[in-house]
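Asker: The following block contains the structure, expressed as structure tokens.
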């Protein structure tokens, strides 16, 4: 017999029992909703035999890991449907992603959106067949034979062969796929499915490789959940920052600079307002600001460890016969700033911020608007402190995050990412640092989830996943505890005992990337930025040409008061001008005609509240000032 700990409740079972068996013993409801399992913190298949005492968690669709298994199984169902409908198709990869799944196919004739209903119908047949998913393993040689007519699978098997391990597969009826799992017990566990899009995708995201057909989809345990999700997707299309960025003249993306966005005048206003706010809040929290070079010597990157761990993502050049790299991160420059002068324990904590322009070589297939670019402004900060100051500094960083995110109406969840396989530093250092991060956020009453093995190569980190107005999550803020760079750069301070000591360092970003954050809040607000952040805060709309002089007078007075104002002097009807201003998401529309010109007033309309009536200009300016100063969201 073995003892299984089920969230604090221990039960005895025969050795060899599976998580599925355990779920069934608890109740058929749990058994039917089970997607995967977690054994001693490791995610595994529901079919995995349990041979010794362990802690077990049954993962349902409500968990991130459960969704992953659910969507991964659905991608296999889609691939099986494509195999049945289009014999001869070559299969590449079909993972679960943040919201659903995709599969990449190499086909003689690429699919179109008109083909999706037929694939969906075949998927529903496979679901109705309720085919069990069976896991098995083969040595690499036999795996190659099994996938002899699938070149992409053969390539993946060949890469794995050197590890000396068997290759795992999943089989459902007439379809077998190379896969690590975990998966649902049967195809019948999927209840509602929708294929959402078709795009082209290069094999492995590299433009040098063949273009494949990528089909996206989503699935849920209930039709009602699918309906809600599809409604959200329709709203998300309207809010797409690439669409709004073009319509609102914020930025543009060109083939001449893939992954390098162009910011237009209104976009620069928005970007600079964000930067001004960043500087304001960091000054309040005791930070100083620096700027470090964009290009630095290879020797520096070797010393920092980036050359060994990040070289493939770096742009390099040669200057005076010496190798240099454009910085992908601000960290090494920050270390040199600290080194530039001696430090005492009395100087600490030292909080150093930088809005650094960084470049990273992302694969062309991974680029996506402002969300995934090759050049961006990272709002970094490096905090140097004594060991006994660490916990308070962690809490101070979280307080800063709270203040910033609340200004934009964003809530968040915290994820603690632990030691990855590719890391520097000892296991003992990692475990100690991870425990300190846990203690700090727990003492603040913050909940968090563990993301095993996803820390930066130099230290554990806290990731802040922001939830927008559609309920989607975006990873923006990060706090990383780094004991490696201070060691590598031999950073020191003189302690109270007169001896030299190594400082503890936190590396953190709050917005993550100014450009990406602009994309996030553009979709979050649907382009209707709060007044303080709007590139144009008010537009003056004269009814006819004889009102132009008064309109320009109003514009001059509001601009003198510090507001961003435009005047629409086009020879168009007032209704048309109002609609245009609404489409531009301008917060206030100020209509002026004979009545307003005679009384020195304005007729005020708000993009959401509608007609606010006639107001004295000074009273309106005071109203705007109060709204700007409070950073009110409306």
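Every residue gets a Cβ built from N, Cα and C, even glycine.
Take a look at what TrEMBL says about it:
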DOMAIN    1-60  domain 'TGS'
DOMAIN    265-530  domain 'Aminoacyl-transfer RNA synthetases class-II family profile'
BINDING   331, 382, 507  Zn(2+) binding site
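Describe each of these features in terms of where it is and what it packs against.
Answerer: Around the Cβ of residue 507 (Zn(2+) binding site), the same chain contributes 331, 334, 380, 381, 382, 383, 459, 479, 480, 482, 485, each under 8 angstroms and 6 or more positions distant in sequence.
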Asker: By DSSP, what is the split of the domain 'TGS' (1-60) into helix, strand and coil residues?
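Answerer: Helix (H, G, I), strand (E, B), coil: 14 helix, 28 strand, 18 coil.
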Asker: Near the Cβ of residue 331 (Zn(2+) binding site), how many other Cβ atoms are there if near means within 10 Å?
Answerer: 25
Asker: Within 10 Å of the Cβ of residue 382 (Zn(2+) binding site), how many other Cβ atoms can be counted across all chains shown?
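Answerer: I get 25 for this one.
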Asker: I want to verify one value. Collapsing DSSP to three states, which class is residue 507 (Zn(2+) binding site)?
Answerer: strand
Asker: So which other residues, same chain and not among 331, 382, 507, have a Cβ within 8 Å of the centroid of the Cβ atoms at the Zn(2+) site?
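Answerer: Other same-chain residues near the Zn(2+) site: 329, 330, 334, 335, 380, 381, 480, 482, 485, 505, 506, 508.
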